[in-house]
């Protein structure tokens with residue numbers, strides 16, 4: 001989707017806030033721990049290349065979801081370690097090796113397929129994934145991991161790391177977290193040749209369970225200034241939300257009692273009122289279930305009335321504001337604020353999803 005620079009809807013990304021957020025977490029974790037910046041999904045909608053470059057002096061490497069995301073960083077001149085967190089099939093190894101990209105291997109089936117396809121792993125850098133209870137990808141026993149490491153070395157790979165991922169590190173009940181932690185520790189203790197890097201700490205683990213950190217952390221949502229738990233747990237230190245979303249009024253009119261607004265005529269005016277149109281819609285990631293939520297105009301909360309359309313939404317105004325008046329969808333407007341977590345709570349989802357759904361039709365301004 002093409003970025004629409006010729007309309008007033010923009011996302012403003014504060015790179016300095018991201019740098020300060022990462023620094024805040026780094027002060028909170030043990031000295032000597034390696035930091036990976038998680039920049040998958042275009043850095044959670046903030047812009048992977050720009051964020052990665054901004055963090056270059058502060059981090060040891062980057063985590064992405066897939067090979068294309070890794071190649072994007074390499075092509076942008078990022079020369080630090082890049083770890084692909086998802087599974088890369090053996091038929092795509094050549095590009096990873098050629099670009100010095102570290103891959104995740106999560107099963108013995110992967111080795112079997114590599115051998116079947118006669119793939120050599122000479123020069124390949126690997127982290128092994130352990131499924132300690134997340135239930136997605138990974139090996140489940142020391143025996144399997146030992147066999148995988150031996151097999152990878154036979155094929156010429158350099159096994160540099162081993163890691164897992166916690167399912168409930170952002171929840172108050174730490175029962176499942178502790179079960180996973182003990183599982184992972186026991187598995188690590190059973191390794192015949194433990195890789196030098198051991199990591200299990202995502203954002204939530206890094207800030208609420210810093211005493212459990214091994215020798216690397218993966219900082220994602222916390223880097224962008226958001227609470228990994230939403231509103232459930234208090235942050236141990238302040239963070240700065242790095243992304244704001246704003247637009248402008250492009251049409252203002254008065255409607256009368258009985259007039260309807262939007263698809264399905266789901267809103268009917270009970271009295272005469274001013275309605276403003278804002279050029280953002282569900283194609284931008286501002287989903288249809290945001291009807292009834294409020295945005296900020298002139299320091300006032302203005303309700304979204306009628307259904308959110310693909311490209312536009314409509315809001316109730318207190319007066320006839322001039323065209324071009326600023327509309328804040330995420331961020332501050334005259335001492336009032338709308339956070340990404342506020343939106344997530346309204347949608348009954350998580351703040352991660354709100355950010356990741358903001359489409360590339362919205363230009364990012366740095």
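Note that Cβ sites are derived from N, Cα and C of the backbone, with glycine treated the same way.
Long-range Cβ proximity for residue 40 (active site, proton acceptor), meaning a same-chain Cβ under 8 A and a gap of 6 or more residues, is found for 48, 63, 64, 65, 66, 69, 85, 220. In the three-state DSSP reading, residue 40 (active site, proton acceptor) counts as helix. Summarising the annotation, Swiss-Prot assigns active site, proton acceptor to 40 (among others) and lists sequence analysis as the type of evidence.
Packing around residue 263 (active site, proton acceptor) is summarised by its Cβ count: 11 other Cβ atoms lie within 10 angstroms of its Cβ, all protein chains included. The active site, proton acceptor annotation in Swiss-Prot covers 263 (among others).
Residues annotated as substrate binding site in Swiss-Prot, with sequence analysis given as evidence: 136, 310. Spatially close to residue 136 (substrate binding site) yet at least six residues away along the chain are 165, judged by Cβ distances under 8 angstroms.
Per Swiss-Prot, the feature N6-(pyridoxal phosphate)lysine maps to 40; the stated evidence is sequence analysis.
When the Cα atoms are compared, residue 263 (active site, proton acceptor) and residue 310 (substrate binding site) turn out to be 11 Å apart.
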